[in-house]
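Asker: Got a structure for you, written out below as structure tokens; questions coming shortly.
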Amino acid sequence: MSSVDQKAISTIRLLAVDAVAAANSGHPGAPLGLAPAAHAVFKKMRFNPKDTKWINRDRFVLSNGHACALLYSMLVLYGYDLTVEDLKKFRQLGSKTPGHPENTDVPGAEVTTGPLGQGICNGVGIALAQAQFAATYNKPDFPISDSYTYVFLGDGCLMEGVSSEASSLAGHLQLGNLIAFWDDNKISIDGSTEVAFTEDVIARYKSYGWHIVEVSDADTDITAIAAAIDEAKKVTNKPTLVRLTTTIGFGSLAQGTHGVHGAPLKADDIKQLKTKWGFNPEESFAVPAEVTASYNEHVAENQKIQQQWNELFAAYKQKYPELGAELQRRLDGKLPENWDKALPVYTPADAAVATRKLSEIVLSKIIPEVPEIIGGSADLTPSNLTKAKGTVDFQPAATGLGDYSGRYIRYGVREHAMGAIMNGIAAFGANYKNYGGTFLNFVSYAAGAVRLSALSEFPITWVATHDSIGLGEDGPTHQPIETLAHFRATPNISVWRPADGNETSAAYKSAIESTHTPHILALTRQNLPQLEGSSIEKASKGGYTLVQQDKADIIIVATGSEVSLAVDALKVLEGQGIKAGVVSLPDQLTFDKQSEEYKLSVLPDGVPILSVEVMSTFGWSKYSHQQFGLNRFGASGKAPEIFKLFEFTPEGVAERAAKTVAFYKGKDVVSPLRSAF
């Protein structure tokens, strides 16, 4: 190790320690242990701090996000739009150095990590996207895409089940462009890993199909770490796990103990570190000039590499004008012109069809038009109907099951990993529009990943079928009740529950055009009629008046399968002398973004509003005065019988509508949309 290397590693360590000390909050242990690995990995990486969206950059993911003082120190030293002053504001309100990495706030952070295990799954998604992208656009003598994904992960990540799901799939997919580094420091918050984590990780990853490299002294041996990277790159048909034997809190008086994990070092400890490593013990946030020069040199080399890539891409566009134009369009974040003309349009004369089938029809129409759409299912393809006819599977060619240019991903029964991998695909860039299918109830298995989709502003899409008691015989274990309320309550998630074909097309239009908001499409197993008065344009507002009634006594607002039920209830109400209108509200988030004038035209003052949805009523008081829903678990049986059991029939809806009319008769009724703030 050269003296500059040693000085650089010490600088990384001390910047992290100083940042945590300044905040009086954070995690110094992992940065002290992983600094040599970070130094070695970044020296091998191809990136340009001045162009963080260059598509052929290598990606770095910090799965153990609590070690973010390490990442921030690297970003500062390499000249990203992050400075020592930002480090001094570590974990402070409004800073660019939050308590865990956030891709929306931290220049150079590829993904948002913190919940353990998510980052390694994101890394799998990034590597998958890179492989698909390369197989689609690379040509002989034109390696447009040949980047690597590097992931740091800790024992906590390995304990989380989601990492096992994703690592298993990565091994099957033979993602040789993925290199993960396990910080094997044998410490957890509760103490030694001997208390809860004693499995043979290496044997497990070998069984997944990963290549293994071990570095026995990752505290100091950067030559071995660099050699591990070189070895990993030679193994092109397996992802690699590099076991880094490290000491948590290396150099600290508390090194090797759980006490150094998540608390600032004491002042005397910091001083002895600085003295030991040749720094002024009274100075904080020091960056020696020779370290800056060394890192600037690597950046300059990388900028030359990017310039060569730019020239390569220019030549590519001349030799392959159609592909080049398509690729440029994707890099510009634009969709194909008039792609939405492919969306199916329906009339009431068309047959009743389940919205999951309508979803399949949409996918079959738009996938040929939009090459950036890729997707799959968590082993429910025949039920979710997520595979468009003729779509090739994304598989290693050696399996004989597909190839890397394939656009259909077999996720297996791995819902949580699927969600986190989708986040990684979105993080890769190139305008990927990716979707994953499962039953709506099992999107809950992936709640951690879904929440990070929303926080990260990744526009991924869940094709969530079997959306209610309408799935029938599988019973309450599979019938979602609270699921929609949960995800509607999560900020920045568009939860669509379309009622017919036009609304399903509108849902996909919203999802494909989204740039910052994930979507969940809740779709039926049972057939639904095509509605009179629906249209893609109307549904695209998130809510609209389906049945207009002058001087209505009541408005019934519903979603999905209950919209046609509400329409059927009108005849019953008419027989009772009650005039009712019907509003379809397929997506609350989109509706909420409309003008106040428009929203009040749909859900106006002066008329009581009843919501009808065969789910939890939680959250519906924002849009209705009275709520008819299902605040209990469902039942196993034939769907029509279950609907009848819970009185979700035209008569059941009409009964509750009549009671609502009677309750509000003679009273001043203010729209539930109105509020003081």
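Placement of Cβ uses the backbone N, Cα and C atoms for every residue, glycine included.
Annotation source Swiss-Prot lists substrate binding site at His27, His261, Arg356, Ser383, His466, Asp474, Arg525, citing similarity to another entry. Per Swiss-Prot, site 'Important for catalytic activity' is recorded for His27, His261, and the stated evidence type is similarity to another entry. The feature thiamine diphosphate binding site is assigned by Swiss-Prot to His66, Gly114, Pro115, Leu116, Gly156, Asn185, His261, Glu415, Phe442, with similarity to another entry given as support. Among the features that Swiss-Prot reports, Mg(2+) binding site is placed at Asp155, Asn185, Ile187. Here Swiss-Prot flags Glu415 as active site, proton donor.
Have a look at these and tell me how they're positioned relative to everything else.
Answerer: In three-state terms derived from DSSP, His261 (substrate binding site) belongs to neither a helical nor a strand segment and is classed as coil. Note on His261 (substrate binding site): other Cβ atoms within 10 Å of its Cβ, all shown chains, come to 20.
Every protein chain considered, the tally of other Cβ atoms within 10 Å of the Cβ of His27 (substrate binding site) stands at 25. His27 (substrate binding site) falls outside any helix or strand according to DSSP and counts as coil.
In three-state terms derived from DSSP, Pro115 (thiamine diphosphate binding site) belongs to neither a helical nor a strand segment and is classed as coil.
A helical conformation is recorded for Asp155 (Mg(2+) binding site) in the three-state DSSP classification. The number of other Cβ atoms within 10 Å of the Cβ belonging to Asp155 (Mg(2+) binding site), over all protein chains shown, comes to 20.
In this view, Glu415 (active site, proton donor) is surrounded by 28 other Cβ atoms within 10 Å of its Cβ, with every protein chain counted.
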Asker: Using Cα-Cα distances with a 10 Å cut-off, which of the binding-site residues His66, Pro115, Asn185, Ile187 are near His27 (substrate binding site)?
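Answerer: For His27 (substrate binding site), the binding-site residues whose Cα atoms are within 10 Å come to His66.
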Asker: Measure from the CA atom of Phe442 (thiamine diphosphate binding site) to the CA atom of His466 (substrate binding site) and give the result in Å, rounded to a whole number.
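Answerer: Cα-Cα distance, His466 (substrate binding site) to Phe442 (thiamine diphosphate binding site): 10 Å.
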Asker: Can you tell me how far the Cα of Phe442 (thiamine diphosphate binding site) sits from the Cα of His261 (substrate binding site), in Å?
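Answerer: Here the two Cα atoms lie 34 Å apart.
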Asker: Going by Cα-Cα distance, which of the binding-site residues (Asp155, Asn185, His261, Ser383) sits nearest to Pro115 (thiamine diphosphate binding site)?
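Answerer: Result for Pro115 (thiamine diphosphate binding site): the nearest of the binding-site residues is Asp155.
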Asker: Which of His66, Arg356, His466, Asp474 (the binding-site residues) has the most other Cβ atoms within 10 Å?
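Answerer: Result of the Cβ crowding comparison: His466.
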Asker: Compare the C-alpha of Asp474 (substrate binding site) with the C-alpha of each of the binding-site residues Asp155, Gly156, Asn185, Ile187, and give the closest one.
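Answerer: Spatially nearest to Asp474 (substrate binding site) by Cα position is Gly156.
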Asker: Measuring Cα to Cα, how many Å separate Arg525 (substrate binding site) from Gly156 (thiamine diphosphate binding site)?
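Answerer: Their Cα atoms are separated by 39 Å.
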